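One structure is given here, and the rest of the page talks about it.
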Amino acid sequence: MSITTEVSLEAGNLAASAVLDDDGRPRRTGTVLTASAHIVTAVIGSGVLSLPWAVAQLGWAAGPPVMLLFGGVMYYTSTLLAECYRAGDPATGRRSYSYTDAVRAILGGTKVTLCGVVQYVNLAAIAVGYTIAASISMQAVWKANCFHARGHDAHACRSSSVPYMIAFGAVQVVFSQIPNFDQIKWLSIVASVMSFTYSGIGLGLAVAQTVANGAFRGTLTGVAVGAGGLTVMHKVWRTMQALGNIAFAYSFSNVLIEIQDTIKAPPPSEAAVMKKATAISIATTTAFYTLCGCMGYAAFGNAAPDNLLTGFGFYEPFWLVDVANAAIVVHLVGAYQVFCQPIFAFVESRAAAAWPDSAFVSKELRVGPFAPTALRLAWRSAYVCLATVVAMALPFFGSVVGLIGAFSFWPLTVYFPVEMYIKQRAVTRGSTKWICLKALAVVCLLVSVAAAAGSIAGFVGAFKAFRPFSG
């Protein structure tokens, strides 16, 4: 080999290393700012709409402190999870590309299976929750226009949410045939714009209503026993459900590792950058959430609806309510597919491995952006239809949100990050730090159990005056 060739090869290798990271993937360029933006986008969503109701159950004395406490727990456990992005050495250890990858690399065994089950059940529940949220927002657009035209007490403006659920499901059946829908570049931009649009409008309307009232409404202890026939037990259940609603609003742990995987290579370490980004984003969202929850409660007091924009505390300006609810629908159309794609991929990858030569599994029919196979058409359509049917049978936004928050909070936000950190950093069993971490996990488990119990009680209470599929 000539000297010229050797120099050429060396130059080529240097050029390749300049555009690739240590794992052979394209060089990451993320910073504290971009990671913070990704986290804020992931956190702020439809969960913000139930926060005024949650604060109403807790009252002024407990509502704001509980929201701040959840923000603190989210921040701390996120810093633990950030330490687990690389297995072993924090600067040179093997990277994880997803939450499950991190669990597999550090804990392994049956805990990987448990993590997978929790994540997939959570994703399926979110599909149901988003169907409910989108349908009642579509229904609210029609109602707002009807109330504006006929008056706020018009009985003709009452309608069922079932047709809107069917319409939303039909749209999702079509969009589910677009492969890798969650990888569309402009999707996150649209989601960010929409989520800030409806959150901002909701906050603005709450502030305006509070000003119009001339005072802050609400009480120190929230909805009082005896008001509207509320019993002591009902008060307890609703307080527990409020914890689940707040937990749902804050959830983002399942995507933290993926966000961290966008950060450029050390120095400083990805963990150090992620901790700064988490501090900035959690502080921002906690302040925003506390403001939204408290101003919504200040506007409506103990009568705060379980969905700020669809409970018709606001009737005017009707067009602004329409814009906010339309933004919710647009956001949830895309978000639904983002959360369903991992489930679709899980089933289809295993089908492809089991029957690699089957035309039913692998033969695609390309039509524009759509690429259905027989399996994809049948399986994805059936999944969306099932999620829609469940939503039609359980159209209770507040209870569904509370149950999802309760189910995901302890395992994904607390348990796995704590267990991975203990093993990753070889925390001595019985040491003060080990005891504190375990105590945190136990306390948060009790919170999740209480929130789940409260949400289930909410379902039971709602069913007493509801006929399934009637909307």
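Along the chain as shown, residues are numbered 1 onward.
Each residue, glycine too, has its Cβ placed from N, Cα and C.
Taken straight from TrEMBL:
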{"type": "DOMAIN", "residues": "28-458", "note": "domain 'Amino acid transporter transmembrane'"}
{"type": "TRANSMEM", "residues": "32-54", "note": "transmembrane segment"}
{"type": "TRANSMEM", "residues": "66-85", "note": "transmembrane segment"}
{"type": "TRANSMEM", "residues": "120-142", "note": "transmembrane segment"}
{"type": "TRANSMEM", "residues": "162-179", "note": "transmembrane segment"}
{"type": "TRANSMEM", "residues": "186-208", "note": "transmembrane segment"}
{"type": "TRANSMEM", "residues": "214-233", "note": "transmembrane segment"}
{"type": "TRANSMEM", "residues": "277-298", "note": "transmembrane segment"}
{"type": "TRANSMEM", "residues": "400-418", "note": "transmembrane segment"}
{"type": "TRANSMEM", "residues": "439-463", "note": "transmembrane segment"}
Report task. Answer with yes or no whether the transmembrane segment (186-208) touches the transmembrane segment (277-298) by the criterion of at least three Cβ pairs under 8 A, sequence separation 6 or more. Result -> yes
Query raised in the report: When you check the transmembrane segment (400-418) against the transmembrane segment (66-85), do you get at least 3 Cβ pairs under 8 Å, counting only pairs 6 or more apart in sequence?
Result: yes
Query raised in the report: Any contact between the transmembrane segment (32-54) and the transmembrane segment (186-208), i.e. 3 or more CB pairs below 8 Å with pairs at least 6 residues apart?
Result: yes
